[in-house]
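I have a structure here, written as structure tokens, and I will follow up with some questions on it.
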Amino acid sequence: MLDIKRIRTDFEAVTEKLATRGVDAAVLNEMKEIDAKRRNILVKVETLKAERNTVSAEIAQAKRNKENTDDKIAAMQNLSAEVKALDAELAEIDAKLTEFTTTLPNIPADSVPVGADEDDNVEVRRWGTPREFDFEPKAHWDLGEDLGILDWERGGKVTGARFLFYKGLGARLERAIYNFMLDEHGKEGYTEVITPYIVNHDSMFGTGQYPKFKEDTFELSDTNFVLIPTAEVPLANYYRDEILDGKDLPIYFTAMSPSFRSEAGSAGRDTRGLIRLHQFHKVEMVKFAKPEESYEELEKMTANAENILQKLNLPYRVVALSTGDMGFSAAKTYDLEVWIPAQNNYREISSCSNTEDFQARRAQIRYRDEADGKVKLLHTLNGSGLAVGRTVAAILENYQNEDGSVTIPEALRPYMGGAEVIKP
């Protein structure tokens, strides 16, 4: 959530920045007018309350003097009625301002490339060289079916489209991947957490999914509960409405969880395979940091995600998202895109974002600065470390052999009971 004071005092700059995210200046102008009206009403209310207090004191004095107070009582009643009417108007204005501030996206950092969409993203670096096959590489969904480790047909029968069963060494591979990821993040100082997989609406508001993106979630009917779209939601809300000690920052959390997404806007996209599912496992990283340290922490978090891909020897590239492609809550985002041979393309496997104080303001997560003792909003960061199903897809395609088998990456073999190959 944006700071109304920042919008008020730096209006032109904020308007210019949000325009790069598709926010019409008319929206901010309307917000500015409503805010000005609110402040004018507040002045009137304070003036009327002061007058009412004066009249109240005069009534008390008149009663002590045994004087008639009818006129003064009538005047005080009129003042109270005016205050009540203005308070009601203020409540309506506050509701409108809240609607504005909770639906506006975060202000992009100065270092974010300006652009309309993903075509304006900027490649930062690449790692590894895509393998040159001397045979036609299969898509991971065909490999999975041929190996008997991925079953979309029965997933569709039991549930519906974009669901599947992992079987045998496929299930073992999925488990090996997320255990490996959690172990690697643990070495980097992350505390492993098992979170609730169901959260309340306040938590969804805190991280920015609600109210704007309700259609993308699975709500439990007639309850205040939602299936988590990512472990970011419970992790980032862990300290909601709390004040932390500044000396304890930064704090690192990691968790593996299922993620549930309706993919409301993705009809017709990635209808086959593991790239876009309604339910998938993901290892998440979340950080709580001081404002002056958060961008250094973003670079570290991105490196932590890269470490997984490097140890799995999967070629990838790092991309800085443009203002038009970033997520709602992000001030800056790096995407990691892994090479998918059958698509001859890089596909997203991780997003690492600094939300600055956007989520912290919504969730009221603060810290007491040990230097001056003041309570301040901290910065939150989140990143995929990594999407597990997409990692399975990348391994199947990059490690496939001409006979249809798939070599298991060396880093995962200790988690696979020493198995080296998945054979048909």
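Each residue, glycine too, has its Cβ placed from N, Cα and C.
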Given that Swiss-Prot assigns Thr230, Ala231, Glu232, Ser384 to the L-serine site, pick the one from Glu184, Glu284, Glu337 that the record assigns to that site as well.
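My reading of Swiss-Prot gives Glu284 as the candidate in that site.
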Within 10 Å of each Cβ, count the other Cβ atoms, then let me know which of the binding-site residues Thr230, Ser262, Ser350, Ser351, Ser384 comes out lowest.
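Per-residue Cβ counts within 10 Å for the binding-site residues Thr230, Ser262, Ser350, Ser351, Ser384 bottom out at Ser262.
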Whole-number Å distance between the CA of Glu284 (L-serine binding site) and the CA of Ser350 (ATP binding site)?
9
Using DSSP reduced to three states, classify Glu232 (L-serine binding site) as helix, strand or coil.
helix
Could you tally the C-beta atoms, other than its own, that fall within 10 angstroms of the C-beta of Glu348 (ATP binding site)?
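That number is 17.
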When you put Arg261 (ATP binding site) at the centre and draw a 10 Å sphere around its Cα, which of the binding-site residues Thr230, Ala231, Glu232, Ser384 have their Cα inside it?
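Thr230, listed in sequence order.
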